[in-house]
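Chemist: Questions regarding the structure given below will be posed in turn.
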């Protein structure tokens, strides 16, 4: 969204009503109480007076590029709160998407899609859009071919005891299937009523609830499952057609190739119907539903038509309680058990998402999906039970089909076919040899039971074609939604839609190719369990999404559908997972494997989307709970870790400082990169707010595990003091201040130097460990960052040198900038073999030793070995060496060398002292050369200057810093990094400029140097 600027060049709200800053236009108005006055027409209905405030409006809450209306932007808090100033701006009340998306969401995802013109687009209600589709998908071939088999399994004592008093096997199987689908339907109802639902069905619901990782993984396999399901249903249809051809001796080539021919022709016709538009597809579904309903009614009618002798010989006897009771007790044929029967039936119930999959084509998906899906589950469940019970009450399990197999007079009825025997038929031979008829053996038993057999064949055609058509529509719709979100960038080609309904023509073609490929394979028995498990994995995640969103207790979770329970949803998810293994254990493992691989891929790629998922909510809740739990635990020295507050300015301004701080904290400690905005609060706040998200985004993109924090204040020291006191949460508070050395202290203003030294005093007052980094090339590259502007990685800023040169920058300055950039990346890359020299001169609690040890544990520093240097007195070398070696051994810290420096106390060289004198000369008072009155006046006028008395008092400490630099030059000139104990200046005793001179002369002309001073509380221990 373009930032519009007023005449004063300030940022203004793009939806700000400019007319309210102009002289108001009033008109005469009569009120109901008889009052007559002039008012503003635009606000008379609300408040009757001028105001920039707006009344609540749905357009304020839309996403950028909302498909159902333009987003409006309410006046900002600053516009309402700041001092009124008349400006002339002309902007609309609503804004359109500029292609960059909003709130971290790509412009081409479903939320921020360009608004489409819905005029002429086909939108369905809950009956045609959801109920019809779900019923047709659930009423599959199972209803006419395999349902009777489910209700006819033979005896098994264990299951007989379990179910004889409760229900028949078929009733239990259907009831358990309905339980799983009903729980899933309730969960889906809750999710889809928790906000506007776009196109994408199950993928949309899961991705917006659990995030792109879960949604992206399940979306791809769900779309693929629907595409392969097209082939499965079409092959089922083709097999029925080929059976009819075989019965009439009309085989074209052979059975397998005829199935392929018929299947391919069928898919082409279904594709043409789908591409023609959703309206034609919906009409075809209605026609298929009518045929299917007639076929179902035909079954019920057939059960009451008196059975002929031929039908009786095949096991059909009309309603008889003896037959029902015999079939009621469950038993199984060889190699069959309850779970195998359940695994065969359950895929028939996997059609409950058929309506949700076209959510983008529904007029009101929030109302249509719950109503249509749950009603479809109820109707189809009752139908399955009704048809199953009717058939099991009229047809015996096995029959010979021989009309001469009648019971002879006086014969006793016992064995497995008692019911048939009592009805006058002898089917006892079926115990010896396999019979062709009865519930167990005849897949066409429904045709025999029905009133008119051909209608069952028509019903079978209707069931297979309707399911294939629904899958052919679902797969491209779901796939298109996935591609629009650009989670898999390689698939973005399939995001494009055509026509008023944004039809995924490219997706249709891809689905067609996949389905034809599997039809040509011919054998779908192997892949069928995997496809069923793909659907079940989707159901499991729908249930888990509902549970997860409820568990997170996010205020944004407010589903309009209230008849759900989070624990019931969790039970549904677990049931789905169990059913996956019941159907086929190896297919379940493959499904989980594929889903995990896709999850990892999306997790690694980190798509730039922010959908406010429940995963984010749970992460936040977990973080709060962990922080609260941590606050109840006292600190212990064994668990100490540096929690860094780095005064780096902008995240990109001092990369070397940030990289070093990040190396110390890594993923195991807190790291705050902080910036202080100095100046008038109104200007500073605007700049600070504009940079917050940008800096944090840069940290995330460059994989620096740190938080960006900023404050606006009148002075740099006051801002830093606020950060030192208020940063962190509970026990997760910074304990170590990291900052850069002020190289320009000799040319900076007195206030700047006092502020810098004051920050060090504040850190000591607040008991922070303090770390100061000095590099000869400097740390601040912000001027180069500003010059190159458009680049995102500070390591690639070398190209900015060209910009500076072409702008007339002197060659020497450009060369200096180039060296600075190289140095700024020094700690971002792997360190060469070398040493980290630790000059542990003062015991500060062990921070001076712990920090370099932590560095050596990092991959970038693993080739750098520790060398320890300590101060000692002449003649005590061996004693001090052994004591330090023993201490390091107890601390379990390995070093390559320990050196005792026993000549630190000697006088520095004259040339070194002269450098110090030249350094502090401009800041000395030189009161000794002036009379007493003049010196006193100068001391009052310039209290910050270094007095002769101060130099005399701190002569030894001053000389120590000079001598330390000489020793450092002699011993550590080639080190990768030098660690030195930081000298402390006592408040109101050592002037700021003298202290800066100490720090400067101590670290002058050395490799990268860290001055460290702990807070004198132990951070190391040798106790377990």
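For all residues, glycine too, the Cβ spot is worked out from N, Cα and C.
In case it's useful when we look at the structure, here is the feature table from TrEMBL:
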type: REGION; residues: 1-34; note: region 'Disordered'
type: COMPBIAS; residues: 1-11; note: compositional bias 'Basic and acidic residues'
type: DOMAIN; residues: 38-104; note: domain 'Amino acid permease N-terminal'
type: REGION; residues: 93-114; note: region 'Disordered'
type: COMPBIAS; residues: 94-111; note: compositional bias 'Acidic residues'
type: DOMAIN; residues: 129-645; note: domain 'Amino acid permease/ SLC12A'
type: TRANSMEM; residues: 130-151; note: transmembrane segment
type: TRANSMEM; residues: 163-193; note: transmembrane segment
type: TRANSMEM; residues: 214-238; note: transmembrane segment
type: TRANSMEM; residues: 258-277; note: transmembrane segment
type: TRANSMEM; residues: 286-307; note: transmembrane segment
type: TRANSMEM; residues: 338-360; note: transmembrane segment
type: TRANSMEM; residues: 372-396; note: transmembrane segment
type: TRANSMEM; residues: 452-475; note: transmembrane segment
type: TRANSMEM; residues: 505-524; note: transmembrane segment
type: TRANSMEM; residues: 530-551; note: transmembrane segment
type: TRANSMEM; residues: 563-587; note: transmembrane segment
type: DOMAIN; residues: 654-791; note: domain 'SLC12A transporter C-terminal'
type: DOMAIN; residues: 814-1024; note: domain 'SLC12A transporter C-terminal'
Chemist: DSSP says what for the domain 'SLC12A transporter C-terminal' (654-791): how many helix, strand, coil residues?
Modeler: 66 helix, 28 strand, 44 coil
Chemist: Report the listed stretch (214-238, 258-277, 452-475, 505-524, 530-551) having the maximum count of Cβ pairs within less than 8 Å of the transmembrane segment (286-307).
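Modeler: Counting Cβ pairs under 8 Å, the winner is 452-475.
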Chemist: Considering only Cβ pairs under 8 Å, which range in 372-396, 452-475, 530-551, 563-587 makes the most contacts with the transmembrane segment (214-238)?
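Modeler: Comparing 372-396, 452-475, 530-551, 563-587 against the transmembrane segment (214-238), the winner is 452-475.
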Chemist: To the transmembrane segment (452-475), which of 258-277, 372-396, 505-524, 530-551 is linked by the most Cβ pairs under 8 Å?
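Modeler: Most contacts with the transmembrane segment (452-475): 258-277.
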Chemist: Check the transmembrane segment (258-277) against each of 372-396, 505-524, 530-551 and return whichever range has the most CB pairs under 8 Å.
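Modeler: Result: 505-524.
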Chemist: Just to confirm my parser: what is the rounded mean pLDDT across the domain 'SLC12A transporter C-terminal' (654-791)?
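Modeler: Mean pLDDT across the domain 'SLC12A transporter C-terminal' (654-791) comes out at 87.
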